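Asks: Here it is, the structure in full.
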Amino acid sequence: MPSQEHPPPQGGQQHQQQRTFQQGPPDRNQYPPNSIPLRDLQHHQHQQHQQPQSQPIHLQTNQFNNHHYGAGLGGVDSDDEGTYAQPGFLNQRDTVYSLSSQQSLFHNQESHNNDVRPFANMSRNASRDPVIDKGKGRHHGGPSESDSDNFSDSRSERVFSSGSLPGADIDLFGPFRGPDDGRYTGYSPSSAALLSLLEHKKSPMAGLQYRYDNTSSPSAPGSNVFVDPKSQPPADQYPSWTIEKGVPLTRQEIDGIMLDLTRKFGFQIDSMRNQYDAFMTMLDSRASRMSPAQALTTIHADYIGGENANYRKWYFAAQLDLDDHMGYHSAPLKNKKVNRNSMVPQPGAVNIETHDSLAMAEQHWKARMNQMSHFDRARQVALYLLLWGEASQIRFLPECLCFIYKCAEDYYLSPDCQRMVKPVPEGQYLRTVILPLYRFIRDQGYEVQGGRYVKRERDHNSVIGYDDINQSFWSPEGIERICLRDKVRLVDIHIGRRWGALGHVDWDSSFRKTYIEKRTWLHLAVNFTRIWIIHVVMYWYYTAYNAPFLYMNDTTDQSGGVQWSIVGLGGAIATLIMLLGVFCEFMFIPLTWSNSAMLIQRLILLIIVLLLNVAPAIYVCLFNRTGDTSLYVGIGHFAVSLITTIVFAIVPSNQLFGGNSKTSRKNLASQTFTASFPKLKGSERALSIFLWALVFGCKLTESYFFLAGSFKDPLMTLYNERIPLCQDKYLGDTMCRIMPVLTIGIMFIVDLVLFFLDTYLWYVIWNTVFSVCYSFKLGISVWTPWRNVFSRLPKRIYAKLLATADMDVRYKPKVLCSQIWNAVVISMYREHILSIEHAQRMLYQQVPSENGSKISLKTPTFFIAQEDSSIKAEFYPRRSEAERRVNFFAQSLATPIPEPLPVDQMPTFTVLVPHYSEKTLLSLREIIREEDQSTRVTLLEYLKQLHPVEWDNFVRDTKIMAEESSLFNGASGFGLSAFDSDKEHRADDKNNDDLPFYSIGFKTASPEFTLRTRIWASLRAQTLYRTVSGFMNYAKAIKLLYRIENPEVVHQFGGNGDRLERELDRISQQKFKFVVSMQRYTKFSKEEAENAEFLLQTYPSLQIAYLDERPPEAEGEEPIVYSVLIDGKCEILPDGKRRPRFRIRLPGNPILGDGKSDNQNHAIIFTRGEYIQLVDANQDNYLEEALKIRNVLGEFEQLHTPPTSPYSPQMSSDDVPEPVAIVGAREYIFSENIGVLGDVAAGKEQVFGTLTQRMMAKIGGKLHYGHPDFLNFIFMTTRGGVSKAQKGLHLNEDIYAGMTAFNRGGRIKHTEYYQCGKGRDLGFGSILNFNTKIGTGMGEQMLSREYYYLGTQLPLDRFLTFYYAHPGFHINNIFIMLSVQLFMFSMLFIGSMASSVTVCADVAEEGCMNLVPVFDWIKRCVLSIFIVFFIAFLPLFLQEFMERGFVRSLIRLGKQFMSMSPLFEVFVTQIYANSILTNLSFGGARYIATGRGFATTRTPFALLYSRFAGPSLYLGMRTLIMLIFASMTMWVPHLIYFWVSVIALVISPFLFNPHQFSFSEFFLDYREFLRWLSRGNSRTHVSSWISYCRTLRTRITGYKRKRLGHPSEKLGGDIPKANFWVIFVSELVFPLIQVFMCVVCYMFVRSFATSDGNGTAVYTSGLLRVGVFALAPLAVNAAVLAVLFAISLLLGPCMNMCCVKFGSIMAAIAHAVAVLTLLGFFEALWALEAWNASHAVLGIIAAISVQRFVFKILIAVFLTREFKHDETNRAWWTGKWHGRGLGSHAISQPLREYVCKIIEMSMFACDFLMGHVILILLFPICLIPWIDRWHSTMLFWLRPSKQIRAPIFSAKLRAQRRWTVLGYGLLFIIVAAVFVLLIIGPIVFRERMPNNLGKIIPV
């Protein structure tokens, strides 16, 4: 029962205040500028003539001065009162008419007592309006749009006479009369001023002062505004659940049920109150559109007993029906009977024989549910809700919760419970049931160290996670394992006593892993077996068929049997891939008896199939290669192979050989929870199959001719090639024989990778084509008749947004639509995206007729101009936000939309926003001051450049407010009236007096003006305030729709605005809730807390859920954590905090995962209603979109429930449709056009959210991607919630909810007519952080059991849809980068041959090689990779083409291409590939805060280098050296594309860095880079090269777990050490393969003889030379380090006392030697190669690969775990080892550090040289005139005239910077000159260089 302490919100009404006018100047602080209704002045002037001025004037409470119609369109309606005078109207010539009181839209109070007269010849009983008549009987979609009789296109239409009430009560601006409390929270001009402007009135510049007390207006953050809910009159909180409606149970009875359950089970009182409100809200929501009895029954069916109830599915899957009805416990194989005399027989129990059938059991269940009383149904739902409400982390375990519920239900029905007298202590359920389970879950991931919890170093395969625990409850075998501490099994206890035994369960021994998420690539072999089979086998078929010369003898093998049979080996390959998958399954599935038996059976059958596919080939190839028998066997072999391949490709592996019978009870759990995929309709399934048939049809055709067919010639050429005169000094001619073979092998692999890439290319093409065609069908295309879109808009508003079917329509549709349209237009004006002139042209106006007897509705010029092309007027700025919103609104209503229900019948829903540390409201300091010295612009200046029109509108609005404010003091002070809107005034706007407005938005620093500027900026950044104010438009939309559809409500209150507002508040709060889950609320800074309080004051109905941590009850115990809910109506306590509405204790800290999912989970108990919309804290919404909310909720297909009971015997399971679990929505990325990077990120998100998801939803492949999807509350919360929460594994938490819903039978839809705003990352670093998070999250997904279920059980077409839309995208990125690297290795091999032998076109010639076919192959490969890269731009182009036209799409893509976006795409592809590869090898997936600010800050070179060196720069530089070698040896023009791509991998981070090419900043950056390289050796430094280097190797070594308490320990993270075999494969095997390939190439070029001067051929060994030049630098470094170590040990203790930099000097000496050594050996190698540049480059490539391999061996094998501090590094250089806190490690650490330093010296030299190479590449760009301006134009898309100014420094700082630039510029030029000379010198002076060193030196 809800406590009387905190009554529920009662409509948001406030104290009614008496308003008086007073003489004399008032106190300025009492009159906020937003509360000045200017029309009151006119009314006051009239009354001044009648009353003495010495007396206060008390205004009458009539409908003029007390009519309160909503707020301005900026936000949710205020509770302020307002006094309004009659409006002025416009005729067609825009002449202002002031109507007499008889002509007013409103009449005096007395007129309402008169009889209502029919309006415009329409009556309630006899409507002749075809739209109205049609509307009453319409079905889906409302009345026909062609019924245009009532939508006159004339410029004005007479709609009512001035004396008829039905017309006179329509005020088009009614909802906006009153202070604007929307997005500007009342800090805006009054609504009277707005309406005065809209009606072309001048400002009444009267110098009158007046009082307008306003207690509900929000104040600045930090002020204490509280409205006591107790003072509000009580309202009916659940109006649809009343005795008058015939409810089966009264509220008191339901309250009694919940109180009784609380007493019996020990629930918390606050939790009970919370769940009572949730249950009643759900009942009220359902009962508003169906009978109360049916509402209760359907809720019970959804939660407990219906066909789609998760509890019912679990009940039968876990065979609990046998447990209940047969008297046996659930344990299998024991057959141990429980004493049946002690059993409580279930009602209607049946005997064993009849109940053994599942169908009979289900029939019995249904009968029992049908006979159940309403009381029991309510009790069961209440019990489930109470258990769920306090379950905390157990809410992630739906079947565990079902088991707990089953135990509780059995206990409730037992005699023990019925006899209970004394209530159970409050909180017992939490303590005895939830707390032990919570602690088990927590202890799996965390351990106590130093009195605090730290994450264990465990990977997922050793963590019993949420899914493992939950899956234990799926089957009788799992439930049997649950034992008490005394080893008694829970199933051996009587079902009525199990509840009491739950507190004694030993959970540690009850659970085990049910799926092993081992970190390995082999998951891909299991989950995506069919992908590999389709591609590898088809590639084998093509290649084997096209290359008979490899295995056939032209003279003997004439029959063709051998060819058929060799090609037929594809079946054996398919079987081998299947066998690999089965072997890998043994690694991932716990080897229980049933699992092992299933896998062994499959293994045996696959071996038999393999023999069938191999035996014919053995016979044909070895025993009978000729003759007809051979031919027949070969053809038969090929047929068997084809059948094998087709079966393995089509049939899911889990269904092979009857693996999982769907009808078996044994597999019921697996089928129910992992394979209940929603069925596609016939047409949709046909479309899915047709799509994939087209994709693979085109792919296989194109791949055969373009890839496989064209590979034949180079294959034949190299196969037949024999290289002459080739011999290694030690290996003889081995290298010459294997070189062509190795080249063929690597080319074969390159072709295979391209074969995979082709499929994705065709998928993108056909998916895009189908999606575009489907968009035509839906009507969401710019190519539909555009004039019709706007001219039909009023008709469509009436037909699709208004629920007119059940409405007593007394007004013409145009009158109703005009109010909607005016609301939309005014909302845009309030948000400053429309100017007043634009708004006036777009609004409907009420104008008097010529004789004054009629009032006509004037059609906006906007609509008239759509039909009359002669009218030339601007309605909104071109390509503005207003244009986009109006266009989408009009276009969306042209699509099919579900019919809305009346507002009072619509379902209740909640918006849930998780919030961590996102900005709520920008502070003044943040928007008017630069972020730091690297930022060249304030945020406000940047926003003004991005939104100049909106800023201008805002300033004009501010000046209106300022003019109103000046009326308080009786002086204007601003010259011309700010209300004037004529052009002459605008031309003079920006006079000197107005400069403060145009620069910072205000002239005086009073809070109401500064706050406006803060809000304006916040609404254009990615802030929580933008999100909350945007989605609060739902409340406004509900009020507006209710008011329009129920005009009698306006009559009912007789013009009493306060009462009307309370009624509108009541209905909006009944239907819409808003919860923000502020995880850190209690830890907010003062500014954050003030901003949160400001939100509550602005939107009192907003609810904030947060975690409140309190000290433990006893010392040594854990802190107590509560989940708390507050709202804006909660009382403010003396300490400034608000009294909670609900406060529910949790078992512990709920944040056990990555944060977001836990944050959502703790707050979800406070959500209400049937649906929930998940929104991120960087989204936005608009009034026109909020108006469609009823249509969107209609997509769940639950608004028109049949009157039949779901338990009726007439209802079969086939009659129950699969529930809609999720409805997705489009997103508009409002960060598009904010520079090239923001636009690229926005474009990708836009394409995915529209074009891709449109098709995915159609063919059943869409999942849940978080925002802004709507979720079926009951469906999702009974299946584990809205996300999953295991740390690391569920990093991308949202998609798991989608996969769970999909696996369990929930349909997922997508809407095209509704969209929300969404912000995306804008900077290079933040975008790539986001990509890294997505990539690592995908790596975790590949380990998950969900991918296993989907990959091994989905039908082929749906599997392909799932694969290519989700993991396939990331695997494709890996293949792209793999193809680039493999292609470069193939170029290495081909280049080696081309540089060593003569290339000729005729293979018959002696002494030369025919490489022409190979060169042709190279060109085709480059073309393939190019197409694959650039096909990524096709979807965006077509999406823009469809929605904005051809020109706009060309412009957008043109701007992106001119801004170098292809280079960015290459880099992003590498980041994606690297992140997933790294994650699958080493793990470490974590949430990365991407940052959502504007990317105007310059990032230092050193920071960019350290961030991207590992993921991309090293790879890019190695590839670049290979490309240099390829270009030197075999140049073809096609390699230009590779040059661009490889350069992109190296310079992209710097190319997209703001102001990278500013001349002075470049050299200051160079100084910082040198400092970064050198610091960190004398004292700890976070940003140093040594810190970066240590972090790089810790993913292999791991950290020591022991914490020593050093401050520098915070530099290290909690990266777990990778598995040895993972390290072995990724860090040793793959690098070894690269070493082999590089060294082979170099050895080959060294295998050709040179003359010794005597004509004798001399053969040298390339292997020896590579070994020397790779290892000699290491030896030199080792020697130098040994000497320096001795010096530091001897001199260090003394030198450290007098020279603080001693360590740094020692390090600098070592580093300098390492760099010089590396350069020296490079020059020596070049000299030994007789200055042959290509051979020298190849030698460098080989030496780098060897050196890299040696480093990896040293790190992986010889290095122990790393300390988290950096004491050992400083000890090495300073010689001071004592006092470092190393303990016993001080003995072993010097040797370990010696190995580290050998590695570090070479790595330092590499980083030093590589950094300088990049800087040298960038430096010439800095010399281009005005390059910084052009570069900024490229990045920010701002015209040079609007460029960001250069920073302003003091004279001293300028001089200091000048000298720094001069000094470091000179140093850089010297270093660069040395580098260039080392390379250019030998080339220029080659003739003067010694050429015979290679003959003198025997290496």
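Cβ atoms here come from the backbone N, Cα and C positions, even for glycine.
Relevant sequence annotations retrieved from TrEMBL are reproduced here:
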REGION    1-87  region 'Disordered'
COMPBIAS  1-10  compositional bias 'Pro residues'
COMPBIAS  11-26  compositional bias 'Low complexity'
COMPBIAS  48-60  compositional bias 'Low complexity'
REGION    105-164  region 'Disordered'
COMPBIAS  126-135  compositional bias 'Basic and acidic residues'
DOMAIN    375-487  domain '1,3-beta-glucan synthase component FKS1-like'
TRANSMEM  562-591  transmembrane segment
TRANSMEM  603-625  transmembrane segment
TRANSMEM  631-651  transmembrane segment
TRANSMEM  738-757  transmembrane segment
TRANSMEM  763-786  transmembrane segment
TRANSMEM  1374-1397  transmembrane segment
TRANSMEM  1417-1438  transmembrane segment
TRANSMEM  1508-1528  transmembrane segment
TRANSMEM  1620-1645  transmembrane segment
TRANSMEM  1703-1728  transmembrane segment
TRANSMEM  1734-1760  transmembrane segment
TRANSMEM  1861-1885  transmembrane segment
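Could you give the neighbours, burial and distances for every feature on this list?
Replies: DSSP places the residues of the domain '1,3-beta-glucan synthase component FKS1-like' (375-487) in helix, strand and coil in these numbers: 72 helix, 10 strand, 31 coil.
Sequence-distant contacts of the transmembrane segment (631-651), counting only residues of its own chain at least 6 positions beyond either end whose CB sits under 8 Å from a CB of the stretch, comprise 529-530, 533-534, 537, 559-565, 567-572, 574-575, 577-578, 609, 612-613, 616-617, 619-620, 624, 1356.
Listed by sequence, the residues of this chain that lie at least six past the ends of the transmembrane segment (738-757) yet keep a Cβ under 8 A from its Cβ atoms are 535-536, 538-539, 543, 703, 707-708, 711, 714-715, 718-719, 721, 723, 1372, 1375-1376, 1378-1379, 1382-1383, 1385-1386, 1389-1390, 1392-1393, 1414, 1417, 1421, 1424-1425, 1428, 1637, 1640, 1644.
Counting same-chain residues at least six beyond the ends of the transmembrane segment (763-786), those with a Cβ under 8 angstroms from any Cβ of the stretch are 687, 691, 694-695, 698, 891-892, 894-896, 1251-1252, 1254-1255, 1258, 1312-1313, 1364, 1368, 1431-1432, 1434-1435, 1438, 1442-1445.
Within its own chain, the transmembrane segment (1374-1397) is flanked in space by residues 723-724, 726, 739-740, 742-743, 746-747, 749-750, 753-754, 756-757, 1407-1409, 1411, 1414, 1418, 1421-1422, 1425, 1428-1429, 1469-1470, 1473, 1476-1477, 1515, 1519, 1522-1523, 1525-1526, 1528-1530, 1538, 1541-1542, 1634, 1637-1638, 1641-1642, 1644-1645, 1647-1648, 1734-1735, 1738, 1741, which lie at least six positions past its ends and keep a Cβ under 8 Å from the stretch.
When Cβ-Cβ distances below 8 Å are used as the criterion, the transmembrane segment (1620-1645) is approached by residues 519-520, 726, 728, 731, 735-736, 738-739, 742, 746, 1385, 1388-1389, 1391-1393, 1395-1396, 1481-1482, 1596, 1661-1663, 1665-1666, 1735, 1738-1739, 1741-1742, 1744-1746, 1748-1749, 1752-1753, 1755-1756 of the same chain, each at least six residues removed from its ends.
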Asks: When you scan the chain for residues with a C-beta under 8 Å from the transmembrane segment (1734-1760), skipping those not six or more beyond its ends, what do you find?
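Replies: Residues 1388, 1391-1392, 1395, 1518, 1521-1522, 1524-1525, 1528-1529, 1593, 1596-1597, 1623-1624, 1627-1628, 1631-1632, 1634-1635, 1638-1639, 1641-1642, 1645-1646, 1662, 1665-1667, 1669-1671, 1673-1674, 1722, 1725-1726, 1788, 1792, 1795-1796, 1798-1799, 1802-1803 contact the transmembrane segment (1734-1760) from elsewhere in the chain.
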Asks: Mean pLDDT for the domain '1,3-beta-glucan synthase component FKS1-like' (375-487), as a whole number?
Replies: 93
Asks: So what's near the transmembrane segment (1508-1528) in sequence-distant terms, Cβ-Cβ under 8 Å and 6+ beyond its ends?
Replies: 1328, 1332, 1380-1381, 1384-1385, 1387-1388, 1390-1391, 1395, 1467, 1470-1471, 1474-1475, 1478, 1535, 1538-1539, 1542-1546, 1548-1549, 1588, 1592, 1733-1734, 1737-1738, 1740-1741, 1744, 1807, 1810, 1813-1814
